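Feature annotations, courtesy of TrEMBL:
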type	residues	note
TRANSMEM	33-54	transmembrane segment
TRANSMEM	141-163	transmembrane segment
TRANSMEM	175-194	transmembrane segment
TRANSMEM	215-238	transmembrane segment
TRANSMEM	250-270	transmembrane segment
Amino acid sequence: MPRKGARGGTTAAGRAGAAAQVTEVPSAPAHTFQLVVLLLLQASLLVLAVLYIPQGIFSRSLDRPRPTLYSGIYDMLNPPDQHDPTAVTQKMTQALKGVFVIQSWVVSRLRWWWEVGQKIEKRESITELKKKQGLMKQAESLVLTTTALPIPLVLCFLLLMLFGAPVNGQYTPTLTLAAHLTLLGLYAPLHILGEDFKSWLRIFSSWPANAREKVLLVITVGPLFGAWLSSAALALDWNRPWQAWPTPCVLGALAGTLGGNVVAIFIYLFRRSQSSREG
């Protein structure tokens, strides 16, 4: 009899555990908090990668890099006449390494956030999703997306040439800007949407269907809009080193990413509050 009771207790516990797994649906507030933390952390890391980690990117002396972010930005806006604009452009190219690493991690987490959001909307469990999207599976998916990055990179490069990028042998700076735009703007939708052309058309040619798609639209358009808007600095005759091609557009893409992240957070919070009131 004790053995039977023990077996019965084990069976009851097993059933309770199975029921808990079936009803493992994440809460909407936790899902929203994940997005806010991810986008704010991304913004902070990108600022470090572009402005601080490449030591001396905007320092007064190339052999004496500034130790703080504030002094680096100050030197960018107030450089001496002898400062070399080419060195600033080279640092933008070097910053691509950090941007690539950061964006690879961010888009991987964004895809997980996206898929969990789909489960929340359908009120489904994420147990099977956790099994299918293990660490190795996520890494494999990220590698596949990375191998496809040359396609949007070439498209960005050609579009920049059509919009008036220098063609007198200065292909490396233009390619640097194209790489920044690809990583900051196009990496996320490429990894999340993949070959889902219907979603591409719906999100980017008409209007997103839900809050998640609005977030993806904003964080994609933000860097592209920032780069376009900051190109006006190229026409100014201030003779500043940071006006050398493509530095203003790279900084504009970074600013567009930061601004787009903030706008995306507010849009998502607003839409979630609307949904909770309607629900």
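Yeah, the Cβs are placed from backbone N, Cα and C, and that goes for glycine too.
Automatic prediction, not curation, is the source of TrEMBL annotations.
Counted over residue pairs 6 or more apart, the CB atoms of the transmembrane segment (250-270) and the transmembrane segment (33-54) come under 8 Å in at least three pairs, which marks the two as touching. Among residues of the same chain six or more beyond the transmembrane segment (141-163), those with a C-beta under 8 A of the stretch's C-beta atoms are 104, 107-108, 111, 174-175, 177-179, 181-183, 186-187, 190-191, 194.
Same-chain residues lying 6 or more positions outside the transmembrane segment (175-194) and placing a CB less than 8 Å from one of its CB atoms are 46, 89, 92-93, 96, 99-100, 103-104, 106-108, 110-111, 114, 141-142, 145, 148-149, 152-154, 156-157, 160, 165, 200, 203-204, 216, 219-224, 227, 246, 249-250, 253-254, 256-257.
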